[in-house]
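The next block holds one structure in the form of structure tokens; read it before the comments.
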Amino acid sequence: MQQTKKLTHSDITIAVMSGPFLQRGEPALVSKWYRTKMALACGVDLVVELPYAFSTQKAETFANGAISILNALHVSEICFGSEDGQIENFYNTISVQKNEEETFNRLVKQFMNAGNSYAKATSEAFLHILSSEKNIDMSQPNNILGFQYIKAILMQNSSMQAQTIKRFASHYHDETFNDQHIASATSIRKQLFSENSSFKEIEPFIPKATASLLASYKQNYGTLHNWEQYFSFFKYKLMTMSPEDLRHIYEIEEGLEHRILSKIQTSSSFHSFMEALKTKRYTWTRLQRACTHILTNTTKEEIHCANIEQHAPYIRLLGMSQKGQTYLSKNKKKIELPILTHTKTFDHPTLHIEQKANSVYFSIIQEPLRTQLLKQDATHHPIRYDETTAKFL
């Protein structure tokens with residue numbers, strides 16, 4: 001965050017944040033409201049939600065939704081972390097792909113026909129068409145997402161500029177702490193759910209406010225969220241579904257439904273199910289997203305109605321500092337998308353999916369807290385933060 005502010009000289013900082021489920025197809029550790037508090041306490045001025053229909057998607061759709069929201073908010077510059085760290089290389093890679101589009105598409109098809117996943121086929125195709133050191137490594141997850149951010153900016157004819165910060169020490173999927181001060185999200189999550197989990201182990205790697213809010217959430221609601229806690233619900237749902245039922249679920253391709261129903265029979269945990277399910281063609285992340293759609297009962301028809309090929313249909317405001325509130329007041333008339341401070345009176349297919357996802361997310365919380373959280377989510381107004389006193393209002 002501090003590096004971003006230093007690099008961009010920004011007046012205000014806006015974060016577009018996933019809701020209950022994340023792009024890699026798993027539940028967020030804590031609710032979006034607690035994560036909003038974390039972001040505000042760490043210097044973000046406006047926190048807005050990326051709807052489920054965009055947030056639990058491949059990088060291209062995820063980026064398209066996020067950029068459309070930032071565009072609507074009249075953001076002048078974005079900043080993202082990447083393994084490469086040189087913004088010129090991203091633009092150069094996009095240019096090469098555009099010039100070699102026919103060859104690139106042919107190679108992707110060729111590698112997929114050989115049994116590779118789309119992600120692997122795309123990565124291999126890039127290796128074949130990219131030869132200069134001025135191109136990015138498209139096998140790295142943050143490079144891929146950054147590439148799609150810039151591609152979305154260009155596709156949406158935005159005047160937004162892009163900056164990137166190089167990720168050091170820890171890689172995105174590292175499962176252990178390899179540095180004294182920097183850790184991957186994967187390693188932090190693994191530590192939190194280990195047998196001898198302790199918040200003290202992760203404190204050196206996260207802001208003090210984040211550690212405090214994580215501990216507070218677990219104390220208040222009795223848990224942090226991961227896939228294993230939803231496995232009994234997930235297995236029950238699959239055991240009552242037919243192949244035809246599964247085929248209606250978003251991201252379930254023909255043939256995958258039979259493999260899923262077969263492997264669930266002998267799986268006693270989500271991890272063992274995923275180990276049995278994954279293949280060369282279907283990556284872990286791709287399958288986790290499909291499993292998320294099964295859990296939330298998100299159908300192909302619902303995603304079609306959400307019209308994800310276009311921009312996000314609204315802006316759900318989750319939190320703001322006083323500086324962020326001033327920015328919104330000054331620019332409200334210029335912002336063309338509706339800004340939602342709650343969702344109880346707004347109706348849209350994208351929001352219907354969001355409401356289901358929230359209901360599923362809180363299903364592991366014990367009553368009566370579960371019902372309270374579900375009622376609050378639709379009526380919850382944006383969290384306000386006074387950055388001068390470092391207090392929530």
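Every residue gets a Cβ built from N, Cα and C, even glycine.
In this view, Gly81 (ATP binding site) is surrounded by 17 other Cβ atoms within 10 Å of its Cβ, with every protein chain counted. DSSP classifies Gly81 (ATP binding site) as strand under the three-state reduction. Marked as ATP binding site by Swiss-Prot: Gly81, Asn142, Arg167.
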